[in-house]
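Shown next, in C-alpha cells, is the structure this report addresses.
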Amino acid sequence: MSQNESGTIAIPMYDKDDAVLVLEDGQVYVGEPYGALGETTGEIVFATGMTGYQETLTDPSYDRQIVVQTFPHIGDTGVNSEDPESSRIWVAGYIVRDPSPNVSNWRAEGSLDDDLAKNGIVGLSHIDTRKLVRHLRSAGVMRAGIFSGDALTDQATGALKTIEQLLEDVKNTPQMQGLSLYDEVSTKGTYTIEPCGEYEGKEPLYTVAAVDLGIKGMTPHRMAERGCRVHVVPSTITFAEIENLNPDGVFFSNGPGDPEQAGPEIELLRQVLDAGYPFFGICFGNQLLGRALGFGTYKLKFGHRGINQPVKDLTTGKVEVTAHNHGFAVDAPIGKQVDAPFENGKYGKVFVSHIDLNDDVVEGLQCVDIPAFSVQYHPEAAAGPHDAAYLFDRFCELMKNNSKEGK
C-alpha cells in the first residue's frame, strides 16, 4: 500500500475484471483472479513451503483459512490424484504471487488453476505476497476476504462495490479464536487402514483407534507401514465405542479451530488416559493433551505453517526440520518436569519434550507417569521432511511396553 502526499493510505483503484483482497485492518491488494470467481472470507495465514501445495490445499486443518504461499512460483507440477491428504480442498481461499502458466510433471493430471476453479476455490494472484506476509508478521493474522467477478458488483445498482462494503463482509466473518471446527472436517463413519509394506497381508502388530479431528491421509499410512491396523473413527465417538475396538493405543489427530472449544474431546481424552491406553497426539491432538493435563492454550500472532521449521527434541538434543500447520500452542513451562495441573497432579509428571528454535513455542509434551506423549508438528511429512518419522516408532514402542491385560 502506498501513501499519498497528505500522508493517508491511498486506496488502489480496481475494476470488474480484477480480484481484490481486503484485510480486516483496511489494507487492500488488487490482483488477478485465480481459480474460481466469487467471494470468500476467512482468517488469512501464510505457508512457507516451496513445494507441497496440493497437500496444503487438502489439509483439513486449513478449514476456513485463506492461505498465502510465500514461495512466489506455484503450480509448476500441476495436480494429481495421488497427493491429496483428504477427499477435498479445505482452504477458504488461495493467494499466490506468480502462478505457473505451464504444467510440467510426469504425474500431472491437470493444472492447479483448473482444479481450484472446478472445486469453487476463490483465489488471487499477481500481488506482492512478500509485502503481504511482512504485514501479517507485524500485525498478526486476521480476517480477510477475496472478491472477484460478480462479488465486486452491487447487484442493486450495478456499480462496483466500495471498499467499505467489502470490508463489512470481512468483519462479519467469525474470528478463529473461539471457533469449534473439528466436527465439520471429521469423518462421519469409521474406516480401517490395514498394515501395509512389509506387513501387508499379515496379522497386525498393534491396533490403533485414531480419532479424526481433521486427520491427513498420510498419518494412518505411517502407522500401517509399521504393522498397525488403524481404525479411523469420527470425533463423535464415545469412550465405550473406543473400548469395543480393543485398541493397543489411541491417537488424536491434527485439526482446525480453537482447542479451548473442544470440551467433549478433552473429556474423551481424559477417559483414555484414565484407562491407561498408550496415547499419541499430533498438532490439535497435542493441544488437547495439554488441556487435558490442565495446561492452557493460546493463539499465536501468526502461527507456524510450512515444511521448514526447526524443532529441537529436548530428550535427545537432536534438531529436526519439520512440517507445521498450527495457529494455537500449549502454554507449559520449558526446561523442567512439573506436576500436570489437572486435579492436583492426577496424571503425574510431565515435561516439554520439543521446542521450536525460532520462537521457543512448545512443540511436544511427554508424560512421565502415564503412557502419553504428543507433538505440535507433523511427523507424517505430507508434504515435508522425514526427520520426525521416529515418533511413530516411539508410539509403537509405547504400545509394546504398555499393552493392556488380555491383549
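Yeah, the Cβs are placed from backbone N, Cα and C, and that goes for glycine too.
Remember, predicted model here, so these are calculated numbers, not experimental data.
Taken from Swiss-Prot, the feature active site, nucleophile covers Cys283, and the record attributes it to sequence analysis. Annotation for Cys283 (active site, nucleophile): same-chain Cβ neighbours under 8 Å, separated by at least 6 residues, are Ser61, Ser253, Asn254, Gly255, Asn325, His326, Val375, Gln376, Tyr377, His378.
Around the Cβ of His378 (active site), the number of neighbouring Cβ atoms within 10 Å comes to 27. Residues or ranges marked as active site in Swiss-Prot (evidence: sequence analysis): His378 (among others).
Here Swiss-Prot flags Glu380 (among others) as active site, drawing on sequence analysis. Neighbours of Glu380 (active site), defined as other CB atoms within 10 A of its CB across all chains, total 26.
DSSP assigns Gly255 (L-glutamine binding site) to coil in the three-state reduction, placing it in neither a helix nor a strand. Taken from Swiss-Prot, the feature L-glutamine binding site applies to Ser61, Gly255, Gly257, Phe284, Gln287, Asn325, Gly327, Phe328, supported by sequence analysis.
What Swiss-Prot records for 207-405 is domain 'Glutamine amidotransferase type-1', and it gives sequence analysis as the kind of evidence.
Marked as region 'CPSase' by Swiss-Prot on the basis of sequence analysis: 1-203.
Note: the L-glutamine site is recorded as Ser61, Gly255, Gly257, Phe284, Gln287, Asn325, Gly327, Phe328; in the same chain, Gly214, Asn254, Pro256, Pro259, Cys283, His326 also have Cβ atoms within 8 Å of that site's Cβ centroid.
Cα to Cα, Gly257 (L-glutamine binding site) and Glu380 (active site) are separated by 20 Å. Close to Gly327 (L-glutamine binding site) in the fold, though at least 6 residues off in sequence, lie Glu43, Val45, Val141, Met176, Lys299, Leu300, Gly303, Arg305, each with a CB less than 8 Å from its CB. For the pair Phe284 (L-glutamine binding site) and Glu380 (active site), the C-alpha distance works out to 14 angstrom. DSSP gives Cys283 (active site, nucleophile) a coil state; it is part of no helix or strand. Within the group of binding-site residues (Gly255, Gly257), the Cβ with the highest number of other Cβ atoms inside 10 Å belongs to Gly255. Rounded to a whole value, the Cα-Cα separation of Glu380 (active site) and Phe328 (L-glutamine binding site) is 20 Å.
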